[in-house]
Amino acid sequence: MQKNEETIKLDTSNLNTILNEEEFYPKPLNAETNILKRVFLLNVQDYMNSLYSEIVGKDIKFNFSHTPPLQESQKIEVEKLENLLDQKSSEITKMSLFKLFFLQQKWKFFLILFVLAIFSISKCGISILLSTLIDSIYQELPIKYAYGIGLVLLNGLSIVCQHQFYSIGYEYSTIVRMSMANILYHKIFKLHTYQIKNTNQGKIINMISADLNLLEPFLIYMFVVFNLPISLGLTAAILWIRFDGPQGLLLLALLFLAYPIQLFFTHRITILIKKTKEYADQRVKLTNELIEGIRLIKMYAWEQSFIKIIRNLAHQEHFAYILTHLQYVILRGTTFFSQMWASAIFFMIMHYGGFYQINVSIMLSTLQLAAFARFFCVSLSSFGLDFLANLKIVLERMRVVLSMEEIQQSYEILDNQQKEDGLILQNLEGYWNVNGQPQIRLSFKFNRGLYAVIGKIGSGKSSLLNAIIGEMPKTKGSILFDGQDIKNSKIGYVEQEPFIFPASFKENILFGRMMDECLYQQVLEQSNLIMDLQNMEKGDSTMIGEKGLTLSGGQKARLSLARALYEDAEIYLLDDPLSAVDAKVSRSIFNNLKLLSKNKIIILVTHQVQFAPECDQIIIMNEGQIMASGEFKDVNQHLNLITDTFQQQEEQVQYKNNVTKQDNDLYKKEELTSKPVTFDTYKRFINLWSCPALLIFMILFYLGQEVLLQLYIYFISEYEDQTSFYLLIGMLCIGALALNLIKYGMTTFSILSGTKQTHDQMITSLSQCPISYFDTNPSGRILNRFSNDKSLCDFTMNLSLWEVFELNSFFLVSIAFLISILPYFVIVMLFIICFQIYILKRSYKIIIETKECDSIQKSPLFDFFKNTLNGIVQIKLYKQQQYFKQFFNQLSNNCVRSNFTFYQCSTNFGYKVHLSGWFASVIGTMIVIGVYDNKSIFSQALLILTIFNDQFQWCMRQMIQVHAMMSSCQRMYEIIDLKSEAPQYLEWVQNWPTVGDVKFEQVELRYRYNTPLILKGINFEIPQKKRIGIIGRTGAGKSSILQAMFRMSEIEKGQIIIDNINIQKLGLHQLRSSIGIIPQSPFLFSGSIRRNLDPLNQYSDQELWDALQQTSLDEYIKKLPKQLDSDMTQVNSIFSVGQKQLICLVRIILTKKKIIVLDEATANLDQKTDDLIQLVISKFDATIITIAHRLNTIADYDYVMVMQDGQIIEYDTPLMLLCNSYDDNQITKNTEFAQMVKATGNENAKIILKLAKRKQK
């Protein structure tokens, strides 16, 4: 595949991968070959020094361009992984996936294990030297200084190994996670669109945004579990030798009494996490539907219904999280405390059992070894086991997706003698439900030419096109083009709901293909886009919002047509694009298609039957079969199934307004919208707890537990061979255990209650914020707040805050004790603290900003994944899979790059803090050895110095980790702080509206403060119970009238009065719930048909069936297995667009509103369905406002309003806009409306005039 010269910029505001951009730091961080620089991370220090002096120190905002490039070995090798996965496709298991992802870089895998082995050896060596050192001090042997030097050197070696473990481990973690994301991304190209829709999309999205990110901080601890044999073997050997036999192993046995507890609770946690993720998947899916359909949800006044359902799911998820974390509380409360109670029981058994004569040196060195075994073999391994439990769930979820049946459609190729030109469908059957009845069943041959496919809604027209492009999950028979498998042919496809991605107009047309200027200009002309681009300030460089935010319905259809034509295909499948454009443009496009069809096959699904006579052949479909086919004269008698006359001209009007002045930076850059984490963020975080005052008690309990631990060590240092001694340390153990459980439980309860409050406020705030927020923020970015950010706060934040509170308490209590017994040590500590403040000052901002950059880089990846799910059909059809895969791979590598930068800077900071603490421990150790005379407690100081260093650096790192995670809280608080719309509820006006009189007085409207006026002082009045049709060209302001009525955007001047009430004085809920709307694009959401019809549960089953009967949908739904309880997720793909629109009509029938709005509601419907809708609404005792799509539809309305450039240029009865008098037999006026009617053709113009006269009569 050739590389496209025109780079697609799918929301690249955060991508920053400009090819010619000069790199700030041109060499990879680990490219240094000097072994000392790599071991001591001096290359990272050099990078951080450059950052501080040239970027951060000058208050320049850190961004992606400041991150160092990756080495080739750090980039995602997804092709290699995919090939390996294909070899296992028939036997995908969780273990095979583990091997696939985790053994892709074997040398890093085993290098991490090697580093951990050296770390374990050094820690065990420290225990041996500590015991020997204490004995030598008691005996006043000169060799004590040698032992002291050996002790600090071994401690230094453990520090080097520990940070090499973090440096290599986090790099490995990032690559593994992004590899998993890429494999999932590649898989979706091998699935049918129907499969993707039927799979819970919230689940797939949550896997990318939340599941994989939750694995990030814990993946490295998996290696601790794998290293357990070495750590345990060394520990067991030391204990065996120290206690002269197997009795020494009793300490390990006691420590590992925690293991059965761990295994039990880990199993429980696995089950609960799985349940939690199920709730999270459903919540994220519904939240996504809320975001995607927010405009119509507001118009329907359904916000509270959605909020209630989402909150219920969130509360179930919250309860599952509470149960999960309660298991963690018990698990951590017992295992993290195990060195204390295990050593106490061990010493008692040694003493009372007479197994060994213990002394202070033996007790303290054994306590140090127990601390190592507890921390490394129990605590960190518990993180590893937790990770493996989570990984098991994630791999199972991935296995389900990766094991889905892939597209394998190939048709029997005819022998050479039988080969025929054209597109041949032979005994074709297509199934949406693989176990159900076929939706289509037909045979047909298409030669070069233009074919019109016509039929009622649900007749199988769109299913036919889906079968040809291979997007039905099951087909039988054969589809061949020129005797070959059709999958090798070039096909252009225009879907009913065009896929538009957030990029420029040109990039949406090119769609990753090479720029051919001649062809590009040709397709712009064929699609009638030249005039539209001339009206845009930046032409085809104009940025288009997500899902075509800034385009009208007609422009989206023509853009999709241009994309199809740019394929220069052999076959074109067009699903009703002419319904989305006005009569003049429709005629022009049709003529262009007719010229193109001389050497192409063009299959045009259309409801514009007036074009039928000019097509080479017409195919009439009914119930999935071809009812008739041939030229117009051959099938004319069958057309009454579709319409009473073929001379029905449509005029599609537009949904979006004013694209003449586009802001090329439609979406705000995320880094410019996120506020920094401040003290107020922490204050708010605590205030959201159910009881903020608990913080004081929590701190006291954390400090109390550490005091008990220090007392335990103190009494061991004061060891006396008495019963009271063991009774005392036993009581200390019981007290510490109680405090452990209480402090963890209080922390968990507080954090989860705060997260619950945060989510509830977020979803309420989001549903009530102005629609402009959704216009300027990608849905993926918004959804990320409810998936990834919330997951971090629910899960990772709790575990990290445990560490922060616990380690800070240890630090404060230890410092207080050391200073109390070593007053001179305060000088050392002041020096070290000053040095560490200096380190913190130079490193803090770098770490925070690299973390922000890392978080920001995840949003483009997430958005791109979501956009791919929406546009998967187009991507596969135009064979752009490789292009999109490469682009996703680039985004993934950007994530690796930013994530690697953050973790390297964070590790380097921890390294420096650790080394500075090491120097303090060196000095402290020498002081203890050389000058301290009180032998009764010097050993406690020595033990604290040995442990203190590890704890202090980990504390600093965890504090920065928590601060970085607080940015997730800050982003969620930004959702809560969104400016709200006008109040939802004001004083309720009883029995309003009663008649439906609508009046606009000097109304001016603009969508956002920096955009031009859309409505320019318009005045009109609609008398009660009248029908008015509103027509006009693109950008005329038609839909803006509806936006003003629903107060989706507040008017700038004037007033709107409905039934003598200024709508500004009404609450939004009463206003919007009092006006019915049938939108252009039907809005259906997950859940049952019943819930889609009646989300507020206001109507009985009988009322629902009565309403369905009026739209003729009742028979169709009765055939479904669960009828009204059928899941829309499952049947969504087999409901045609027309049937979906009738669902929206049923909602209106049920509510019986006094004002009903049709916003291009019948644009994509056949004439008979349009007539049905008009017949149904004509019986309503209501005012009807219709934005016109067919002039025939509004010809018999009471009034027609013609708009142009935000102003009303004509407003009268249809007849008065066409004729001077009732007796005129032809159009005698030269109004804008008259010109539009004439453009529909002479025959149809006569029909419109006749309808207008009939109404006037």
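For all residues, glycine too, the Cβ spot is worked out from N, Cα and C.
Per TrEMBL, domain 'ABC transmembrane type-1' is recorded for 110-389, 693-900. What TrEMBL lists as domain 'ABC transporter' is 423-648, 998-1230. According to TrEMBL, the transmembrane segment annotation covers 109-134, 146-168, 218-241, 247-265, 329-349, 369-389, 685-704, 724-742, 810-839.
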Recorded stretch that, among 146-168, 218-241, 369-389, 724-742, has the most CB pairs under 8 Å to the transmembrane segment (329-349): 724-742
Non-local residues, at least 6 beyond the ends, that sit with Cβ under 8 Å of the transmembrane segment (724-742): 329-330, 332-334, 336-337, 340-341, 344, 347-348, 351, 701, 704-705, 708-709, 711-712, 715-716
Long-range Cβ neighbours of the transmembrane segment (247-265) (under 8 Å; 6 or more residues past either end): 232, 235-236, 238-241, 327-328, 330-331, 334-335, 338-339, 341-343, 345-346, 349-350, 353, 355-356, 366, 369-370, 373-374, 377-378, 382, 385
Non-local residues, at least 6 beyond the ends, that sit with Cβ under 8 Å of the transmembrane segment (218-241): 112-113, 116-117, 120-121, 124, 127-128, 165-166, 169-170, 172-173, 176-177, 248-249, 251-252, 366, 369, 372-373, 376-377, 380-381, 383-388, 390-391
Spatial neighbours of the transmembrane segment (146-168) far in sequence, C-beta under 8 Å, 6+ residues away: 39-41, 108, 111-112, 115-116, 118-119, 122-123, 125-126, 129-130, 132-133, 136, 220, 223, 903-904, 907, 910-911, 914-915, 918, 921-922, 925-926, 929, 946, 949-950
